[in-house]
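Notes follow the structure.
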Amino acid sequence: MQLKSTCMSPTPPITLPTMICGSTTTTTTFTFTSFFQRFDPLHPLTHIPIPISISLTKPSPLSTPFLSLFKPSSSSLTLTTQPPQPRRKFALPATMLHQNPLVSDVCALAVSGTVAFSFLRLWEETAKRSIFDQKLNRKLVHISIGLAFMLCWPLYSSDGWGPILASVIPGINIIRMLVIGLGIYKDEATVKSMSRFGDYRELLKGPLYYATTITLASIIYWRTSPISIAAICNLCAGDGLADIVGRRFGNKKIPYNRNKSYAGSIAMAAAGFLASVGYCFDRYMYYFSSFGFMEGSLKLALGFLIVSVVTAFVESLPISTELDDNVTVPLTSVLVGSIIF
């Protein structure tokens with residue numbers, strides 16, 4: 001914060017005579033009020049009054065030799081200032097959409113639901129119209145839904161209902177995957193946008209695990225924990241881009257797993273790390289940090305880097321091929337994050 005003096009208005013002097021052993025000491029006090037302009041992006045053109053008091057004391061000639069021993073050689077000048085108050089941290093109100101926390105969370109639920117299902121509808125249409133390759137379309141769903149849902153987390157209040165109502169959106173998606181994957185309800189657009197080979201039973205695996213991960217991250221860890229950020233970012237951005245980059249540039253395979261490539265693993269670690277940093281770090285995109293949910297630091301960024309690198313390594317192992325990377329990726333992120341954060 002920079003301060004610049006803009007004006008100064010003195011008050012009339014106050015003279016107070018004081019008797020000291022027969023001699024008179026005159027004290028004159030001047031009080032100035034100086035206004036300073038604060039250069040602050042959060043409080044532009046704010047003026048801060050800072051009172052300044054100046055006391056000038058001048059003794060009269062002393063009459064006795066004894067008292068002359070205590071005669072000051074010159075007038076004394078005292079300058080007293082009151083320093084400006086430190087800038088308060090940017091703090092949001094407990095609720096953003098309504099004064100009542102429950103009503104605010106219900107409104108946030110409606111907004112986040114609209115955002116999430118709008119993205120789902122968009123990718124269903126692109127799959128139906130065959131705008132993208134089916135595998136690419138599936139990964140675009142994989143990348144965008146979870147990250148877009150996390151962008152809506154600040155809309156919820158700090159009340160206990162916030163994480164519960166936020167988890168309703170991925171919870172509904174869990175029910176959709178079960179109903180469609182079990183054949184109870186037919187939805188060809190959803191099957192085509194989320195499956196590899198167009199089989200509706202595929203929704204009972206990767207897409208179901210995906211929705212379950214986001215639901216549990218919302219309820220258990222929520223927006224104040226870097227573990228939830230790391231788990232969702234490595235699952236969405238990391239695992240999603242690993243497949244896209246690996247298919248295009250993954251000619252050089254990893255020796256211990258011929259189904260994985262160096263390019264895909266590097267892309268996964270980089271994308272997961274950058275997405276995590278983008279949501280939390282104080283000097284990058286500072287999204288969650290700007291809302292006061294957590295404080296960005298180099299230590300936090302280093303923790304995200306370690307989690308992303310370890311998760312990418314585990315994803316490159318043969319066990320991720322045998323199981324499902326929608327299980328191994330978030331599970332590894334949570335386990336490593338619990339140790340680091």
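Each Cβ is built from the backbone N, Cα and C atoms, and glycine gets one as well.
Because TrEMBL annotations are produced automatically, they should be read as predictions rather than curated entries.
Record features (TrEMBL):
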TRANSMEM  102-120  transmembrane segment
TRANSMEM  140-156  transmembrane segment
TRANSMEM  162-185  transmembrane segment
TRANSMEM  262-281  transmembrane segment
TRANSMEM  293-314  transmembrane segment
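Residues of the same chain lying 6 or more positions beyond the ends of the transmembrane segment (262-281) and with a Cβ under 8 Å from any Cβ of it are 147, 150, 226, 229-230, 233-234, 236-247, 249-254, 287-289, 294, 296, 300-301, 304-305, 307-309, 311-313, 315-316.
Residues 101, 105-106, 108-109, 112-113, 116, 149, 152-153, 156, 191, 200-204, 207-208, 211-212, 214-215, 218-219, 222-223 of the same chain sit 6 or more residues outside the transmembrane segment (162-185) yet have a Cβ under 8 Å from a Cβ within it.
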